[in-house]
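Participant: According to Swiss-Prot, the feature region 'V1' maps to 131-154. The N-linked glycosylation site annotation in Swiss-Prot covers ASN138, ASN154, ASN158, ASN197, ASN241, ASN262, ASN276, ASN289, ASN360, ASN396, ASN400, ASN670 (among others) and is backed by sequence analysis. Annotation source Swiss-Prot lists region 'V2' at 155-196, citing sequence analysis. As annotated by Swiss-Prot, region 'CD4-binding loop' applies to 362-372. The region 'V4' annotation in Swiss-Prot covers 383-412 and rests on sequence analysis. Among the features that Swiss-Prot reports, region 'Fusion peptide' is placed at 508-528. Here Swiss-Prot flags 629-663 as coiled coil, drawing on sequence analysis. Swiss-Prot lists 681-701 with the feature transmembrane segment, giving sequence analysis as the kind of evidence. Annotation source Swiss-Prot lists topological domain 'Cytoplasmic' at 702-852.
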Amino acid sequence: MRVKGIKKNYQHLWRWGGMMLLGILMICSATDKLWVTVYYGVPVWKEANTTLFCASDAKAYDTEIHNVWATHACVPTDPNPQELVMGNVTENFNMWKNDMVEQMHEDIISLWDQSLKPCVKLTPLCVTLNCHDFNATNATSNSGKMMEGGEMKNCSFNITTSIRDKMQKEYALFYKLDIVPIDNDKTNTRYRLISCNTSVITQACPKVTFEPIPIHYCAPAGFAILKCNNKKFNGTGPCTNVSTVQCTHGIRPVVSTQLLLNGSLAEEEVVIRSENFTNNVKTIIVQLNESVEINCTRPNNNTRKRITMGPGRVYYTTGQIIGDIRRAHCNLSRSKWENTLKQIVTKLRVQFKNKTIVFNRSSGGDPEIVMHSFNCGGEFFFCNTTQLFNSTWYRNTTGNITEGNSPITLPCRIKQIINMWQEVGKAMYAPPIRGQIKCSSNITGLLLTRDGGNNNETTDTEIFRPGGGNMRDNWRSELYKYKVVKIEPLGVAPTKAKRRVVQREKRAVGLGALFLGFLGAAGSTMGAASLTLTVQARLLLSGIVQQQNNLLMAIEAQQHMLELTVWGIKQLQARVLAVERYLKDQQLLGIWGCSGKLICTTAVPWNASWSNKSLSDIWDNMTWMEWEREIDNYTNLIYSLIEDSQIQQEKNEKELLELDKWASLWNWFNITNWLWYIKIFIMIVGGLIGLRIVFAVLSIVNRVRQGYSPLSFQTRLPGRRGPDRPEGIEEEGGERDRDRSSPLVDGFLALFWVDLRSLFLFSYHRLRDLLLIVTRIVELLGRRGWEVLKYWWNLLQYWSQELKNSAVSLLNATAIAVGERTDRAIEVVQRAFRAILHIPRRIRQGLERALQ
């Protein structure tokens, strides 16, 4: 028997040992499976082209004068602009392929066109002009240089009056640049306006000003503007010092050629930028590190007169010039300019292998290209820059720098008919400005072109000439350090977490389209950035809402206009675009079952073909931008798999939940499940112990009420009997005393039943007593409450009657008093009336007495 028992125990141990070994092998052979996890609010962006809107300082312009840039339609600038530096981020920039430049160019053209729409067309002036040289009537000698002969013409012409079928002869002064002689005229007295045969000339409205006002370009919600802060950035290639801003700096839309005015300066050295230095067709943009002040003036004291050209159309022209006809000119410091050229030459020699650098005048073309053209106080100046670009800088020399502080004086001419943006068919007439004109500007850059074809190794000289004419280069000189990116807040990455419970998630607070606040974590690793998703997402919806309010206020400010400006249209587009981005992201999150979540696990397994990097390599060493580039080709595939998985979960919710519990043996050893098991075990044991204690206490209380204390909670020993008292016989005869104990109870179930029965009886009696007490209390409170209510009701009736009686008495007394006073007043009136009636009688009686 002993041998059999040992054999049986050994077989039992062998069976359990085999099962444990099999389980250990299964656990050890199981590998960690990775699953796709969705992250919302990751610092990821992609290059994009979007509609930008403008911001401008509300105090930067005169409300009574309409500036051509329509900055009154822009949103107000942020008094505390935020610039967020992104550490450990390298981004590629390309100033030559920047959509911001194209957009600004189109905006400025549209603004000019729109500002001229309501203005007068000068088509009636396209007639024959009989002109002769103009001379001042009261000339006086002065130190200013006289205008060249024939620079201004006094022309007469026939024009329609306010009555259309009548003509009258008018006189006007024109600049020589604005008129051309008629071909068949040999006397040079017959002219026409220069653009009449090619363009429609529009006169600028009287209250339009061309003064450049800083314009800030801003990105709508869901987009951001990246800024390169490298001090020597050449405009193309990687930038290691990157920050994100909501708006650009204030860019003055200065329309000029050859020289860039009132722009931004380089922080350290002069910087030259070109799309391709070896290609002479490409313009070279020079950014100075120190500005050179240039002061321009038109000394002529002009007057302005009006000429009516039919009903509702007025043409403004120069009336008379008081004093000498002196030419306009600009002055700048010679030493500063030559020092600027010296720094430019140093940079050019680096690009062109230490060759001789020659600066020469423009090679020819339109006046806008040949001369430095710009707007000064409302007049368009065309200045000869030959003195600025007329020097040779030999190799290993400092050039022919002129000693002395004498200023450089540039002779300027004025042109009133401007070919707008070198476009065919559009010309503008700038009305003359009264009085003298002075303006001061800062030269902050140059536009240069290089002679020759491709870079020739055999030549030792490079010739550079002033260029311009393409206004895109003007805007490019300011926008070179910016680029627009589209925020991609949705990111996917592998984790060990899998979506376990398939249920409808509770909707959390909505998060809006991504704003720039979260980009501060762009340079952090994926693991570090994912820990701050909540902080990164706080400004998302608040940012879009605030921006929407600002845009709406700017749009409402334009309701008095018949049509929106270019900025108004852009603001509407920005509003719609921001809402679209927000709805698109929320739609994807809803389709994936991730609404309101920053981190959302899925049931889609991670495919190693997408990326075979380990979790530590991904989360500890890579940024979100690097990871996005890693899986960019598979993003759409992953999105579709997540969507398919969510659809399958919704179709088979119950079945998938049941199967998921038995997905792998490892779920049995999940720490969360074991903690739940331990919690249930502790609750059961604690409940049994507590129940046992309650039963013991109830038993003790019951026994104490019977007059003695038992030795045990359940086993009660019989009371001692006297020696003369028999214990009974086999037939259970004999006498039983009262103090004899009841039979003992054996077994757990019997003990449990006795205790449970005692508990229920005790609870029943106590609850019955409590119910009786509560019933008595409620009855007593009800009776007392009813008595109190009756007392208050009687009291209310009593005081109501008293108040009623008092009111009646007061009303009666008031009526009696009023009646008495009314009677007295009537009596007084009657007496007065009788007295008046008796006046004739008294007079008669008096006369009778007097006559007697």
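In case you wondered, yes, glycine gets a Cβ from its N, Cα and C as well.
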Participant: What count of other C-beta atoms do you get within 10 angstroms of the C-beta of ASN158 (N-linked glycosylation site), across all chains shown?
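Facilitator: Summing over all protein chains shown, ASN158 (N-linked glycosylation site) has 13 other Cβ atoms within 10 Å.
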Participant: Quick one, of the glycosylation sites ASN276, ASN289, ASN396, which Cβ has the fewest other Cβ within 10 Å?
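Facilitator: If we count Cβ atoms within 10 Å for the glycosylation sites ASN276, ASN289, ASN396, the smallest count is at ASN396.
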Participant: Using C-alpha positions only, work out which of the glycosylation sites ASN154, ASN241, ASN276, ASN289, ASN396 is nearest to ASN197 (N-linked glycosylation site).
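Facilitator: Closest recorded candidate to ASN197 (N-linked glycosylation site) by Cα: ASN154.
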Participant: For the region 'CD4-binding loop' (362-372), what are the DSSP-based totals of helix, strand and coil residues?
Facilitator: 4 helix, 1 strand, 6 coil
Participant: Take the Cβ of ASN154 (N-linked glycosylation site) and count every other Cβ within 10 Å, whichever protein chain it belongs to.
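Facilitator: There are 16 such Cβ atoms around ASN154 (N-linked glycosylation site).
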Participant: In whole Å, how far does the CA atom of ASN241 (N-linked glycosylation site) lie from that of ASN262 (N-linked glycosylation site)?
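Facilitator: Here the two Cα atoms lie 25 Å apart.
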Participant: Based on Cα distances to ASN262 (N-linked glycosylation site), point out the closest of the glycosylation sites ASN154, ASN158, ASN276, ASN289.
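Facilitator: Answer for the nearest of the glycosylation sites: ASN289.
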Participant: Pull the DSSP breakdown for the region 'V2' (155-196) and write it out as helix, strand, coil residue counts.
Facilitator: 3 helix, 22 strand, 17 coil
Participant: Between ASN154 (N-linked glycosylation site) and ASN396 (N-linked glycosylation site), how many Å separate their Cα atoms?
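Facilitator: Rounded to the nearest whole number, the Cα-Cα distance is 54 Å.
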Participant: So what sits near ASN360 (N-linked glycosylation site) in its own chain, CB-to-CB under 8 Å and at least six residues off in sequence?
Facilitator: PHE389, ASN390, ILE463, PHE464, ARG465
Participant: Around ASN262 (N-linked glycosylation site), how many other CB atoms lie within 10 A of its CB?
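Facilitator: Other Cβ atoms found within 10 Å: 17.
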Participant: Distance between ASN289 (N-linked glycosylation site) and ASN276 (N-linked glycosylation site) at the Cα atoms, whole Å?
Facilitator: 22
Participant: Counting other CB atoms within 10 A of each CB, which of the glycosylation sites ASN197, ASN241 comes out lowest?
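Facilitator: Checked ASN197, ASN241; of these glycosylation sites, fewest Cβ neighbours within 10 Å: ASN197.
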